[in-house]
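Here's what Swiss-Prot has on this protein:
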MOD_RES   1  N-acetylmethionine
REPEAT    36-75  repeat 'WD 1'
REPEAT    112-153  repeat 'WD 2'
REPEAT    232-270  repeat 'WD 3'
REPEAT    281-321  repeat 'WD 4'
REPEAT    340-378  repeat 'WD 5'
REPEAT    483-513  repeat 'WD 6'
């Protein structure tokens with residue numbers, strides 16, 4: 001983010017509702033085009049600078065994008081201060097991609113391990129190189145992506161561009177092929193032995209030259225796997241999170257959380273273990289885990305019962321006890337079969353400064369203050385209109401969908417996904433009534449329906465809970481119109497700007513305000 005951007009951001013009133021605009025789309029599919037399962041995006045993450053974006057898909061690939069407009073702002077300081085709109089269009093471009101994970105088979109457990117990327121987390125950059133962690137269900141990998149100078153092999157004895165038949169070398173010239181080169185040390189596809197397609201020039205080859213390797217001024221990003229962290233989880237990994245110390249990270253599965261050092265791949269420490277002595281006594285599982293953004297000794301993890309636990313690594317080596325427990329006060333009245341299912345927390349995110357914590361369950365988005373454990377300080381209704389349809393959602397397994405959430409860098413807004421490729425943006429600042437429903441398409445406001453707010457209700461004498469977005473009978477005004485097969489599960493908020501990247505199947509949509 002450059003100086004011009006900071007001036008524009010400062011001049012805008014953060015309390016005013018944002019007007020979201022379409023920015024870019026990558027991998028947009030045409031009407032009626034079938035989406036391949038391996039192309040569906042399963043993870044999205046901005047780096048700390050916001051200049052790079054990574055996506056992972058079900059095919060085990062990681063695709064990197066880089067920002068191209070960071071130095072394009074123009075105008076005097078006065079013009080920037082007087083502007084009440086963003087002066088530039090945020091733009092990213094494709095940088096590179098690599099195969100992070102491949103399908104595997106666990107012969108001991110007779111279990112297939114999918115290549116699908118579950119999570120991506122960026123690490124600190126060093127010496128112009130990018131570092132990131134990616135994980136599937138069982139294995140975490142540490143990647144280094146760095147621009148390398150392209151090397152070319154020049155002054156070949158035969159011209160790889162002049163071929164006959166199946167592509168074998170056909171001619172040689174001492175004068176015309178001096179500049180013929182093969183990039184990055186590659187070789188043209190020639191047969192190991194002479195065949196009918198190969199012909200020598202008239203008079204034969206007068207002399208042989210030694211090819212020369214030349215380093216050009218061009219560069220190309222190259223991804224290398226630096227370390228593999230494996231064989232530490234018996235259950236599927238659902239979370240990885242970097243520590244603010246830049247040296248360690250955690251990985252979490254259904255029953256355990258492990259602490260790793262980035263430099264050591266053959267050893268980890270189990271810091272949370274919720275596995276009971278008898279599995280029939282199991283009452284809840286870990287659903288998400290996240291390090292505190294500034295305190296390297298603190299982390300939070302959520303459970304399938306709707307609770308969030310804050311733990312302090314300084315208390316003990318095995319953090320079976322928590323320092324704080326955040327959960328919704330138990331509601332009076334009968335409970336249904338679906339009560340515990342819809343209470344399960346699918347994702348948690350710390351705000352940038354670390355005081356507030358955002359959580360998403362099936363029905364709501366909640367904001368918590370880590371200094372107050374009496375209950376959430378705000379609750380935002382996302383799927384309230386689906387309550388009458390819980391039986392149908394259970395039958396088609398949609399009730400188990402895990403929607404992610406994200407919070408803006410300034411902590412004033414939060415976003416989460418829904419069905420029919422819709423996502424919701426809420427103002428989470430005290431007193432804010434901002435809500436917006438957008439569609440992951442080139443026209444994000446096409447299906448926008450204003451959603452009235454509901455007054456705050458008191459939770460206790462200490463805190464008040466704001467509940468909004470619950471009065472609408474449905475995002476579309478008709479729940480039958482919702483398409484439960486098109487769901488927006490993954491999205492990320494730019495760390496410094498009001499810009500959101502979200503995944504609709506195999507397409508990556510980006511919006512700005």
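From the backbone N, Cα and C atoms, a Cβ is placed for every residue, glycine too.
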Other parts of the chain folded back onto the repeat 'WD 3' (232-270), taken as Cβ under 8 Å at six or more residues beyond its ends: 118-119, 121-124, 133, 135-138, 140, 142, 285-296, 299, 301, 313, 317-318
Selection from 36-75, 281-321, 483-513, the stretch that has most Cβ pairs under 8 A to the repeat 'WD 5' (340-378): 281-321
For the repeat 'WD 6' (483-513), mean pLDDT (0 to 100): 96
Helix, strand and coil residues within the repeat 'WD 3' (232-270) as assigned by DSSP: 0 helix, 22 strand, 17 coil
Helix, strand and coil residues within the repeat 'WD 1' (36-75) as assigned by DSSP: 3 helix, 19 strand, 18 coil
Tally of DSSP helical, extended and coil residues in the repeat 'WD 6' (483-513): 0 helix, 16 strand, 15 coil
The repeat 'WD 5' (340-378): DSSP-derived helix, strand, coil residue counts: 4 helix, 19 strand, 16 coil
Helix, strand and coil counts within the repeat 'WD 4' (281-321) (DSSP): 1 helix, 17 strand, 23 coil
